[in-house]
Amino acid sequence: MKITGISGSPRKGQNCEKIIGAALEVAKERGFETDTVFISNEEVAPCKACGACRDQDFCVIDDDMDEIYEKMRAADGIIVAAPVYMGNYPAQLKALFDRSVLLRRKNFALKNKVGAALSVGGSRNGGQEKTIQSIHDWMHIHGMIVVGDNSHFGGITWNPAEEDTVGMQTVSETAKKLCDVLELIQKNRDK
C-alpha cells in the first residue's frame, strides 16, 4: 500500500518537510511504500474556475498539477503537513486543494482514501488546530476517510518542530493511526 505525503509549505527544508518526513518514516517502518509532494518544489497556479475539467480528464493550466494528480490517485493514504499562515494553511497549498476539484469531478478519485493532517505554528497555540480542521474539510469534500492522532485532530507541532518532543509524538501517532486504518481496510479486502 502507498502513502503520499504533501508538504504544504512554500519554504524548502523547513518544519513541514521535517514533519512529513518523520510521518513517512513511520509508514516505511511499517512496510508502506511512500511518495512525496513538496509544494516548495512545484509550480501550481491558482484555479481559474473555467470549468474545463467538467468535460475532460485534465486541467487546461500547464503546470506541475498533472504529476500531483497522479501521485494522489496512486495513493491509498494521503498525509498533508501545513504551516500556519495568518490562521490557516498558505496560499500555495490552497491552490493545490482548489485544483484538486478535477479529481472530485472524475468519480471522486480520492473517495475512501485515508487522510491525515499535520501542522506547525510559531507557538503551541498558533492556529494549528484550525489549519488541521481546514485540511480535514478538504479531505471530507473528496469523500476521504479522515483520521487523527488518537487524542484530538492530528499532528501538532510548533517551531522548531524537531525540538518539540510532544508535538513530534503527535506526528508519529497520527502516522501510526493512518497506517492502522489502511491495514484494517486491506485485511477486510483480503477476506
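All positions are counted from 1 along the displayed chain.
Heads up, the Cβ atoms here are built off N, Cα and C, so glycines get one too.
Taken straight from Swiss-Prot:
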BINDING   C47, C50, C53, C59  [4Fe-4S] cluster binding site
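Non-local contacts of C47 ([4Fe-4S] cluster binding site) by the CB criterion (under 8 A, 6+ apart in sequence, same chain) comprise I61, A95, D98, R99, V101. Listed in chain order, the extra residues whose Cβ falls within 8 Å of the Cβ center of the [4Fe-4S] cluster site residues C47, C50, C53, C59 are K48, A49, G51, A52, V60, I61, R99, V101, L102. Look at the binding-site residues C50, C53, C59 and count other Cβ atoms within 10 Å of each Cβ; C50 has the fewest.
According to DSSP, C47 ([4Fe-4S] cluster binding site) sits in a coil region rather than a helix or strand.
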